[in-house]
């Protein structure tokens, strides 16, 4: 264990940085669509229930694992469970690296579209040509690579400042601004003529639309939207001061992450309804459908800039955690200085992101089991590594590290038998269901 380790300057700094890790682009382009498709308010209630039970329990376990060992994922698993458990930490680090490699490509898209919004290209392009604008951009072999490198380097610059002066300071800036921008866009969307129908579609409970698949979808969204399973919260927890109560801090992180998802729905669905546009999920929503909305909206150019600035901030806030997760492995396990670790990891991410970016253009025909390189990387992280990491974490928390993590998290003695049963049996089973559904 290290003699000295930097810590967060305050509990607020940790909460905002950790919430930033959880608040990614998926909260904006996936959650609203899935919620509306699966019963609106009924699905949201399920999502809230899973987030504040299963999601919160796993987050508490991750943070407690990091703080009790003062190590990143790899060292933390080994310290708490033994040498074999080190493999679970290594899986998380590798998954974090793969995740950042292709996520940085998408982060570069947000930078490019912020530029398109600033120079007026989005507003000047006919609505019918917007799909072509996006398609030509991502298929270009050069420009997306440049924006990918710019995004990775921007993330590196933030993490280079260390915990308090880099990641925490960025969280304290990015998260309040992100919420402010979202509130402005929500108010604008809700005041559009005909917007109420979209808000009703998103919020009205339709329990008849719920199915077994909907329940699993809600469970999966609660798991993935909190960045669980790869060890990001282990890394952040390793910097938490010993006098900070873990459970309340984790609850705030979950609450902020959930709030962003809900605000995203209230920002997007009323605007789509106001202009009679069909909702979509994924990049098509943010890079094609929303620009159409801005073209129909008074002062749309200003709101387009605001929206894509929001996307850049959301992407950066989560990419910071991905880079720290990987860099901390080299810092803790190999004793590298932070600068060297970040330089090596960032360069490797830029290089490994190249085939992911080119899979939309020159390498589009290169597939693995019918999936593009980008989709293969996404499938490995989202469908395999993250659920496997969640299962490993739960088994560790309910097994060899039971007492250690329960003590660190401040779980009362009378609740520990319930904690053991939940971690050893219930949580692994539920995460296994997510894994099997996504195979």
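Any Cβ shown, glycine's included, is placed from N, Cα and C.
All TrEMBL annotations are machine predictions without curation.
As recorded in TrEMBL, the features of this protein are as follows:
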- 12-31: transmembrane segment (TRANSMEM)
- 43-66: transmembrane segment (TRANSMEM)
- 87-106: transmembrane segment (TRANSMEM)
- 145-163: transmembrane segment (TRANSMEM)
- 175-203: transmembrane segment (TRANSMEM)
- 215-237: transmembrane segment (TRANSMEM)
- 249-277: transmembrane segment (TRANSMEM)
- 297-330: transmembrane segment (TRANSMEM)
- 342-364: transmembrane segment (TRANSMEM)
- 384-406: transmembrane segment (TRANSMEM)
- 418-436: transmembrane segment (TRANSMEM)
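The transmembrane segment (384-406) is in contact with the transmembrane segment (418-436), judged by 3+ CB-CB distances under 8 Å for residue pairs 6 or more apart in sequence. Ranked by number of Cβ pairs under 8 Å to the transmembrane segment (43-66), the listed stretches 12-31, 87-106, 145-163, 175-203, 249-277 are led by 249-277. Take the transmembrane segment (249-277) and the stretches 87-106, 145-163, 215-237, 342-364: counting Cβ pairs under 8 Å, 215-237 has the most.
By the Cβ criterion (distance under 8 Å, sequence gap of 6 or more), the transmembrane segment (297-330) is counted as touching the transmembrane segment (87-106), at least 3 such pairs being found.
Here the transmembrane segment (145-163) lies next to the transmembrane segment (342-364) in space: the count of CB pairs under 8 Å, restricted to residues six or more apart, reaches at least 3. The stretches the transmembrane segment (342-364) and the transmembrane segment (175-203) do not meet in space: the count of Cβ pairs below 8 angstroms, excluding pairs fewer than 6 apart in sequence, stays at fewer than three.
In summary, the transmembrane segment (87-106) lies against the transmembrane segment (215-237): three or more C-beta pairs, each 6 or more positions apart in sequence, are under 8 Å.
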